[in-house]
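Data first, discussion second: the structure below is written as structure tokens.
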Amino acid sequence: MASYVAAIDQGTTSTRCMIFNHSGRVVAVDQVEHRQIFPRAGWVEHDPEEIWSNTRQVCAGALAKADLVTSEIAAVGITNQRETTVVWDRKTGKPVYNAIVWQDTRTDSIVNELAADGGQNRYHRKTGLPLATYFSGTKIRWILDNVDGVRARAEKGELLFGNMDTWVLWNSTGGPDGGLHVTDPTNASRTLLMDLETLDWDTDICAEFGIPTSMLPEIRSSSEVYGHFRERGVFGGLPIAGILGDQQAATFGQACLSPGEAKNTYGTGNFLLLNTGTERVLSENGLLTTVGYKIGGNDTVYCLEGSIAVTGSLVQWLRDNLGLIASAPEIEQLARTVDDNGGAYFVPAFSGLFAPHWRSDARGAIVGLTRFVDRGHLARAVLEATAFQTREVIEAMNADSGVPLKSLKVDGGMVGNELLMQFQADILGVPVIRPVVSETTALGAAYAAGLAVGFWGSEEDIRSNWAKDKQWDPLMPEEKREAEYRQWQKAVTKTFDWVE
């Protein structure tokens, strides 16, 4: 009998496969990084074929590490970096261009053109999103407008669009030989092209963007059997039964299943999601309204989201571009060599600022520098930037929801950094709680798949599987907390109006 569920987690920097048991504990994981391609300033790309090759590799690796055979896996779920855009030929399976990554800002002029009539919130009521370079719609439009011959091919119905969930699913189920062209509402709600109420593509918006609807995948629920893996390959014949965008997957994996429950994922960027139940709350404070999940035929659950572009990737930058650390975990050790930031604040607006500012004209800045500031202070300022940005989003969330946050569930790669977690509790003034399984993104996708095939009986099983690992309570006096935050807010204003 099948005693395990697998999840493919296609992220911004790597692809991995994780295998979970019935208690939601990790049995095995295999992970491979892929190249980050930076053709110009502000441009970020991935090679979709490299990612598909890595996907097959990690599925085989995880199964081998777990010492399991395919028949012991009940189902497979997919979770993915959202918004990242792939356009490919439906007959050959070849991408017409590299994947344009969510952080990429090349579509600024398209955003400005669309915002000229109706402003940044032109599509906000229907989609829950502001016009921004972040979302897939403008990226599809850029590929259609800038890659030779692509628009004509798209209009003839020869090309397909997908985010990474769709790209992995299509290839896993046969590719040009009958591959499924499907997505779920959590991913579709990040394109700027889906109506949040109907959960369908909005033909008027697609027409205004100049995107043929024939390119777009079918939108199905987040938890159902979409199809089966092609017979060739390590997971041959297994049902693919769950799809969730990475941040919604983490929300589901964290068991934030009731209105008012929230989680913050610390990854390449930070993503704070608050469950608002079946109500679509339109933000007045720079947050996104997004689909949280739709489990089979159940009602759609919505979330408010605060997206922060640069957090974990700032640590990467410190390692790769400046060489101040040799590996990401070293930053905590370096930051502990000093007691504070020495008056230095680092605003990592590498690709503008996301929530709650939505300023694509902003660029990164280190302010407050003196001769006193050393490597340790810079390391500390890098970590503190993550916590300060999180507070900005939580204040916007409190204003929109009218419900002050009482505690924060955290997950993702950076939550192993105890200095950061303590500072996060200090700057928020509420407890920060880390679960036993901190990589909840893959777990959420596994839950969605397992529910679809009856491996788990109900969402209550998810809640009962959740367990606390550690809690950090605030220790900083309120007066100091507010003084630090005021300095941060002042630093943020110094990054505006940089790009003409």
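Note that Cβ sites are derived from N, Cα and C of the backbone, with glycine treated the same way.
Record note: Swiss-Prot gives Thr12, Arg82, Glu83, Tyr134 as sn-glycerol 3-phosphate-binding, and the candidate from Asp246, Asp299, Asp320, Asp339 in that site is Asp246. Taking Cα separation as the measure, Gly312 (ADP binding site) is nearest to Thr13 of the binding-site residues Thr13, Ser14, Arg82. Sequence-distant neighbours of Asn417 (ADP binding site) (same chain, 6+ residues apart, CB-CB distance under 8 A): Pro329, Ile331, Glu332, Leu383. Other residues of the chain with a Cβ within 8 Å of the Cβ centroid of Thr12, Arg82, Glu83, Tyr134, Asp246, the sn-glycerol 3-phosphate site, are Asn80, Gln81, Thr84, Val101, Trp102, Asn163, Arg190, Gly245, Gln247, Gly269. Taking the binding-site residues Arg16, Arg82 in turn, the residue surrounded by the fewest other Cβ atoms inside 10 Å of its Cβ turns out to be Arg16. Here Glu83 (sn-glycerol 3-phosphate binding site) comes close to Trp102, Tyr134, Phe135, Ser136, Lys139, Asn163, Arg190, Thr191: these same-chain residues lie at least six apart in sequence, with C-beta atoms under 8 angstroms from its C-beta. Within 10 Å (C-alpha to C-alpha) of Thr12 (sn-glycerol 3-phosphate binding site) lies none of the binding-site residues Gln247, Gln316, Gly413. Comparing C-alpha positions, Gln316 (ATP binding site) sits nearest to Thr268 among the binding-site residues Arg16, Arg82, Asp246, Thr268. With respect to Gln247 (glycerol binding site), the closest of these binding-site residues in Cα terms is Arg82, chosen from Thr13, Ser14, Arg16, Arg82, Thr268.
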